[in-house]
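Database features, via TrEMBL:
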- 68-460: domain 'Amino acid transporter transmembrane' (DOMAIN)
- 92-120: transmembrane segment (TRANSMEM)
- 188-207: transmembrane segment (TRANSMEM)
- 214-236: transmembrane segment (TRANSMEM)
- 256-277: transmembrane segment (TRANSMEM)
- 289-315: transmembrane segment (TRANSMEM)
- 335-356: transmembrane segment (TRANSMEM)
- 384-402: transmembrane segment (TRANSMEM)
- 408-429: transmembrane segment (TRANSMEM)
- 441-463: transmembrane segment (TRANSMEM)
Amino acid sequence: MDWFRRRNFQLYSSLEENASIELTEQNAEKTRVGETECDSIQETRDFAPGNTTSYGSLKKEAEFKEAKLTTWQASWNITNMIQGTNILNAPFVLLVGGIPGILLTVLVGYISIYTCFLLINCQYDEDMEGGKTKKRPTLHDIAVHNLGKKAGVVFIDLLQLLLMFGNCVYQLLTCGHMINALFPENPLGFNGIIFVFSIPLFPFAFVKSIILVSHFSCVSVIVTSFAHFGIVVYMFSKLNQWLPNEFPITTDIYPFSVSLGMIVFGFDTQLYVNALDNKMKEGSNIKKMIVWTHLIAVFVKIFFGLVGVFTFGHLTRETITNNIDIAPLKYFFNVFYPLKFFLVFQFPYFAIIDLIQEKLFQGVNQPCFPSCVDQKNALKWWALLLRMSLICLSVAVCVVFPDVAVMSGYTGCTVGAFVMFLMPVYFHLNMFWRKMKWYRLLHDFLVLLVGVLVVFFGVFSFVQREIITGT
């Protein structure tokens, strides 16, 4: 990370020099120096590398010029993260989780709200008079403050990589199951479907900008909401055939751990809440927005899950569209959703590429590896191979873990638990435990305990299922 710190130092110094030159020119035209210019100089100096709490805030200048999000736009982003297409797994989650699954959905939703609040609070320092000043605007800043420069940056980058890669695998795996359900007797089998569906993904390795595709993705999100509504209408059309007596009251330990992991996997927003807070016009509304978006998500997931289990009983599949018995509807949904996944796959995929490229291949002074592009700004052949290898790795994981529930459950119980439970609570306790009242300390430790239990159940279930029994 030495090159990264040197790059920050030069950019910070350049920013300070440019601001000073600009202020000097303004002073030449004015007869006096106002408080505005002084404040601007002080604001520029706050970016200096000597202030370690500002580490990771390199994009702050760009954020000043960037259009801010309204509360409604920010709410839409949060809703997309916690609703998304994993709502199609909600009936299966309640089928294997039973009544405890409903309680877990409520509990995880509440803890997700609480830990988002903790990360927002970690941005601020409080003075003797009770005033708050934002000192750590990004999650990297918070991690650096608690873990140090190298460990903090590496820790957050690693969590981002693992969670985004889990999303890539989830998209590809769900598509494979949907297509395979349409052609169960195909000679290729499930693995063949995964290989065939991954072929159109390889051209993404040649793309350097996804601006155009992002516009189509926004449209797909709106259309997906209507598709969800259509599934609900279909299930209510079978109201006279509902099987509420087949809804499980209890659950076994292994289905419980899978259900818990899938629930956590569907609520992981902690890695993005600080960035969203800094991009909002009405920053004070961030906590209210988090509360009501999570409450809606909890209600929708429980409602959708209950209706699904009541409709299909113990035959409820991992992806609810595979239960539809009207052929035209089933073909529509099982073709539409893979097309939507095809667009969505690009965003975690390109996020991983950008992160790796920035950290390892695009150092301004001394990068760890050569640049990925040549003098004509074209990708080098080995960079293309590295990009394609990420898709190949996603395919390999799908082949090893072909079960959507198991894959998302393990991801939620490990990476998801660190993101939602352990990381925010540790940061908050490390920074504020001396100032906290006893009942708040107890609350944080209880959330920490829940996170430890989630990781334990996930690891225990993985060892029992994949290593001991091999099922």
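Our numbering is plain: 1 for the first residue shown, then up by one each step along the chain.
Using N, Cα and C of the backbone, Cβ positions are placed for all residues, glycine too.
Touching of the transmembrane segment (256-277) and the transmembrane segment (188-207) is ruled out by the presence of fewer than three CB pairs under 8 A, sequence neighbours closer than 6 excluded.
Same-chain neighbours of the transmembrane segment (289-315): 71, 74-75, 78-79, 82-83, 87, 90-95, 101-102, 105-106, 109, 112-113, 116-117, 228, 232, 235-236, 238, 241-244, 246-247, 266-267, 273, 323, counting only residues six or more beyond its ends whose CB sits under 8 Å from a CB of the stretch. Contact between the transmembrane segment (188-207) and the transmembrane segment (92-120) is not supported: fewer than 3 Cβ pairs lie under 8 Å, counting only residues 6 or more apart in sequence. For the transmembrane segment (384-402), the partner stretch with the most Cβ pairs below 8 Å, chosen from 92-120, 335-356, 408-429, 441-463, is 335-356. When each of 335-356, 408-429, 441-463 is checked for Cβ pairs under 8 Å to the transmembrane segment (92-120), 408-429 comes out on top.
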